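The block underneath contains the structure these notes are about, expressed in structure tokens.
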Amino acid sequence: MSELTLTVIKLGFLAVLWLLILSVTSAMRADLFGVRPPKQPKPGREAREAARQTRQPRAGKGTPTKAVIVEGPDTGRSAALDGRPVTFGRGGDCTVPLADEYVSTQHARLRFHDNQWYVEDLGSTNGTYVGNQRLTRSTPVTARSRFRLGKTVVELRK
Amino acid sequence: MSLDRARARLEPPAADSIVPRRGRGTELILLMFAIGIATFAYINVDLGALGRVPPNALAYLGGLTAATGVAHVVIRIRAPYADPVILPIVVTLCGLGLAMIHRIDIARETTHATIQLTWMAVGVAMFVGVLIVVRDHRVLSRLPYLAGLAGLLLLVLPLLPVIGHSIRGARIWINVGPMTFQPGEAAKIILIIAFAAYLVQTRDALALAGRRILGIDLPRARDLGPILIVWVAALGILVVQNDLGPSVLLFGIFVLMIYVATERISWIILGLLLIVAGGLAANAVVSHVQTRVDFWLDPFIDPTGQIAQSLYGLAYGGLLGTGLGQGRPELTQISESDFIGSALGEELGLTGLISVILLYALLASRGLRAGLLLRDPFGKLLAAGLAAGFFLQVFIVLGGVTKLIPLTGLTTPFLSLGGSSLVMNWVLVALLIRLSDAARRPVPASSSSSPAADTAVTQVVRIR
């Protein structure tokens, strides 16, 4: 058995040993991303899932280019979405100042990140809603998505 | 309202809405990988030391496959939701241990590897037995005091005149017919079960009563009873059996479990203080401990030169090791047992030794993970205790071998030569498998969805 062969075998063994550790750790990832059970798991979660499905049809998927106000006192106004954050609120310093009395001074924000627009609540009193769900975190939105703040409903369009 | 909102954000994905994958297929693939590594190691040893492929390599592969296959099938039947990575890690460690024992056999012309292989078969049999007999881990919590008593009895068994037996100065063996057995290994598991059951009953008193001084919650004096009893027991074992390892391990496990049960850092501080106090006292009184500390501070005054040889071996191995079969691990005394860590470090190098330690860490983390997922406090504590105890043992023995801490006689789980240790560690793994199965088993659907279940006081759970 030549010296070279033994060295190659030695390095090969170490490589295989570490490969096992890598496979074990990647198998452990399955723990974090389990599978959904076949039975009804939790009504709340399902409903939310369903609401998102109806609100954001697959056909409308794409990057929106403008936000149009479709309901409320400011109906008809729109703002261009060019990548910069867009804020909504009653305050004059917002990108889109609203006259709606049920809207907070700084109410909600549209933010562009990784080719995806997100809507997030800025700690408003009455909340921002996508479907029936009050936002608690940044929520991705696509063209034809709608969200509601106060009595105002904003729709994203291509 | 903001608090509610923050909570909603922090809430983990609802545990009962996601079922972990069973992972039996993953386990099978990883097991084949592990058996492959074990056989590779065995062949590599012969190639390196003798320059030939071992004639019985296929038989070895077959034997390993049969043993692990049985374990895998029993898991499929008895614990289908068990964690898929536990068994493959254990098989890899066993394979590495067997290869290294075989390697030292070649150098010393002994036949320990065959014995160890037999013990591994016994271990797998015990593993299967535990999985079949213990269908639900909660039955283990029924008799805490009896379990504690049984554990202590096992610990003092070697001191009895006829069956007790002393090897290398440590009186921790008993004679069972022609064989010797270390009851301490069994006592460890039984005592962990007893601790878990005891702490479930008393943790509120341990956690809540007491005064707060300097930002540390001190327990009440009367709640100190159990920790002091275990401390005295550990020191007692140390003094009469002349064995440092088990006493440190036992006390360490107990302190860690109290900490897990109460979430009070004061118990860790108290435990460390007691360990330091006990260590100083033992150092002053027990000559055996004194020698160990002296050898730790200056390995060259040790006539056997164990630690010095072990360090030479590790240095000779370097980063990538000498290659299996090409080092001189036989120069270290008892390198097939306590010092197998340094033997592996010599032939596999730092790279290999770190991978071994990582395997232990992954195994312990799976135990803790099962503890996190489990829904009953006894199971949580038992899983945490088994995992912590396991890793503490690895730390104590590898720390001793690498001269980080004074050397204490403990086996390296699954690697070291020694039947009682190997068999009892297989039992420990069986318990971990049982616990992880209970942890990952989905909650019966009725309990989460139907409103009636919230009002029902008891829940009927069918255990397969």
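Cβ coordinates come from backbone N, Cα and C, glycine included.
Taken verbatim from TrEMBL:
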type: TRANSMEM; residues: B:28-45; note: transmembrane segment
type: TRANSMEM; residues: B:57-75; note: transmembrane segment
type: TRANSMEM; residues: B:82-101; note: transmembrane segment
type: TRANSMEM; residues: B:113-134; note: transmembrane segment
type: TRANSMEM; residues: B:146-167; note: transmembrane segment
type: TRANSMEM; residues: B:179-200; note: transmembrane segment
type: TRANSMEM; residues: B:221-238; note: transmembrane segment
type: TRANSMEM; residues: B:244-261; note: transmembrane segment
type: TRANSMEM; residues: B:268-289; note: transmembrane segment
type: TRANSMEM; residues: B:348-369; note: transmembrane segment
type: TRANSMEM; residues: B:381-402; note: transmembrane segment
type: TRANSMEM; residues: B:414-433; note: transmembrane segment
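Taking residue pairs at least 6 apart in sequence, the transmembrane segment (B:268-289) and the transmembrane segment (B:57-75) share fewer than three C-beta contacts under 8 angstroms.
Recorded stretches compared: B:146-167, B:244-261, B:268-289, B:348-369; the one with the most Cβ pairs under 8 Å to the transmembrane segment (B:82-101) is B:348-369. Between the transmembrane segment (B:179-200) and the transmembrane segment (B:414-433) there are 3 or more Cβ pairs closer than 8 Å, counting only residues 6 or more apart in sequence, so the two stretches are in contact.
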